[in-house]
Amino acid sequence: MKLFVGLGNPGKEYEQTRHNIGFFVIDELAKRWNVSLKTAKFRGLFGTASVFGEKVALCKPLTYMNLSGECVCPLIDFYDIAVDDVIIIYDDLDLPPGKIRLRLKGGSGGHNGVKSIIHHLGTEQFKRIRIGIGRPTNGQPVADYVLSRFTEEEKPAVMEAVLRAADACEQAVTTPFIQVMNDFNE
């Protein structure tokens, strides 16, 4: 089973924030694949489907971002999912809004949700789809910036990036990730 995890924060006040862009992708995939996300015992919203003949799972952790590993790791253990079949989708300050970047592995890049997953999994060897949110340009603290909403000017590029990330996830169901990286990395 392939597991797609979109990182974000639970609650209405965070719904459309930059930090929740991973949730946007999971919502898009749930719509495409007709997956109903339900609360699971793993402190997250979870659903499964068969896509292109392959079993897939979608997850939106309901822990706060900094505790994402507390949802993801028990889920991986319970369903006996190989770490190689896990793709984590999240926001990236170092990419401009609208850009996506796929990686086979790596450090956290300062992202607390990814830090939590690395800590709980005990490895950096999992696939990622990073979606650019840019950096604050007006001196706004990063912690406030990631919890802010996209500007009207940014929204078209961001929504296009969400669709491209969802397309990459779809391709990753049946295609080696290295090929997906070649097709989607700019």
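Note: Cβ is positioned from N, Cα and C throughout, glycine not excepted.
Features reported for this protein in Swiss-Prot:
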- His19: active site, proton acceptor (ACT_SITE)
- Tyr14, Tyr64, Asn66, Asn112: tRNA binding site (BINDING)
- Asn9: site 'Discriminates between blocked and unblocked aminoacyl-tRNA' (SITE)
- Asp91: site 'Stabilizes the basic form of H active site to accept a proton' (SITE)
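Sequence features annotated in Swiss-Prot and their locations in the structure.
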residue : record                                                               : DSSP (3 states)
Asn9    : site 'Discriminates between blocked and unblocked aminoacyl-tRNA'    : coil
Tyr14   : tRNA binding site                                                    : helix
His19   : active site, proton acceptor                                         : helix
Tyr64   : tRNA binding site                                                    : coil
Asp91   : site 'Stabilizes the basic form of H active site to accept a proton' : strand
Asn112  : tRNA binding site                                                    : helix
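Asp91 (site 'Stabilizes the basic form of H active site to accept a proton') has His19 as its nearest neighbour among the recorded positions Tyr14, His19, Tyr64, Asn112, going by CA to CA distance. Among the recorded positions Asn9, Tyr64, Asn66, the ones whose Cα sits within 10 Å of the Cα of His19 (active site, proton acceptor) are Asn9. Residues Tyr14, Tyr64, Asn66, Asn112 are the ones the record ties to tRNA, and the longest Cα gap between any two of them is 16 Å. In sequence order, Asn9, His19, Thr63, Met65, Leu67, Ser68, Gly113 are the same-chain residues whose CB sits within 8 A of the CB centroid of Tyr14, Tyr64, Asn66, Asn112, the residues recorded for tRNA being left out. Packing around Tyr14 (tRNA binding site) is summarised by its Cβ count: 18 other Cβ atoms lie within 10 angstroms of its Cβ, all protein chains included. The subset of binding-site residues (Tyr64, Asn66, Asn112) lying with their Cα within 10 Å of the Cα of Asn9 (site 'Discriminates between blocked and unblocked aminoacyl-tRNA') consists of Tyr64, Asn66, given in sequence order.
For the recorded positions Asn9, Asn112, the greatest number of Cβ atoms within 10 Å around a candidate Cβ is found at Asn9.
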